[in-house]
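Undergrad: Structure provided below as structure tokens; questions to follow.
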Amino acid sequence: MVLMTYIVEYLKNVSLENQIKSKKMQLVFASNNKNKILELQSMLPDTILILSLESIRCFEDIPETAGTIEGNAIQKANYVTEKFGYNCFADDTGLEVDALNGDPGVYSARYAGEQRNADDNMNKLLAMLGSKNNRAAQFKTVMALNLNGNQHLFTGIARGLITSKKIGDQGFGYDPIFQPDGYDETFAQLSLEIKNKISHRGKATKKLIDFLKTSE
């Protein structure tokens, strides 16, 4: 009798959970970067449910071997859709520095080596710039969305400059050395709310969300 009661309650909970999920658009975000997931989830409406790679049992490293930021985003989204059959979106981001002819660009995450260490990447970039007067740069994010058999791309750009040293302890990646236009603080000093409104990822995500709202 106790077992039967437990089973009934369990089924009720499962049914309720499924009802909740059924009212949401489910999308896989093709990334293992927890910082990205948290940042993106804070921007998305409650009507969109992000599924992690772990939740679909995708534990392998997804290839990022394209020669462009756009290409990497497309490659990752296609990998998940083709192998696991899910609607999926993926992003890739690069920091493009004017005085370095757009470097590190598509290689931003591994600029200082395959270990993808943020401090090492920033140290190398600051060393490469040295005392150059032109410190203008831009962050560029491209999101590739595979939805119901169609692919859509969304791009966000944030212009700014590279500081002479690391400032701030928020965010991730190159945030401590990137000061967006119109602000006296680096991305690593800004609140998440402000950063979401002005950042490259925030702009690309807004375009993605606006599109998804018309597709629900």
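We count from 1, first residue shown onward.
Cβ coordinates come from backbone N, Cα and C, glycine included.
Annotation source TrEMBL lists active site, proton acceptor at Asp92. Summarising the annotation, TrEMBL assigns substrate binding site to Ser31, Asn32, Asn33, Lys34, Asn35, Lys36, Thr93, Phe172, Gly173, Tyr174, Asp175, Lys195, His200, Arg201. What TrEMBL lists as Mg(2+) binding site is Asp92.
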Undergrad: Widest Cα span across the substrate binders Ser31, Asn32, Asn33, Lys34, Asn35, Lys36, Thr93, Phe172, Gly173, Tyr174, Asp175, Lys195, His200, Arg201, in Å?
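TA: Site span for substrate, by Cα atoms: 21 Å.
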Undergrad: Using DSSP and collapsing to three states, where does Asp175 (substrate binding site) fall: helix, strand or coil?
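TA: DSSP assigns Asp175 (substrate binding site) to helix.
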Undergrad: So how many other Cβ atoms are close to His200 (substrate binding site), meaning within 10 Å of its Cβ?
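TA: Excluding its own Cβ, His200 (substrate binding site) sees 25 Cβ atoms within 10 Å.
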Undergrad: Please list residues from the chain of the residue listed as 'active site, proton acceptor' whose Cβ is under 8 angstroms from its Cβ, counting only those at least six apart in sequence.
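TA: Sequence-distant Cβ neighbours: Glu64, Ile69, Glu70, Asn72, Ala73, Lys76, Val106, Thr141, Val142.
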Undergrad: List, in sequence order, the same-chain residues at least six positions removed whose CB sits under 8 Å from that of Asn35 (substrate binding site)?
TA: Gly171, Phe172
Undergrad: Of all the binding-site residues given, Ser31, Asn33, Thr93, which has the fewest Cβ neighbours within 10 Å once its own Cβ is left out?
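TA: It is Asn33 that, of the binding-site residues Ser31, Asn33, Thr93, has the fewest other Cβ atoms within 10 Å.
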Undergrad: Using a Cβ cut-off under 8 Å and a sequence separation of 6 or more, which residues in the same chain sit near Gly173 (substrate binding site)?
TA: Thr93, Leu95, Ser108, Ala109, Ala118, Asn121
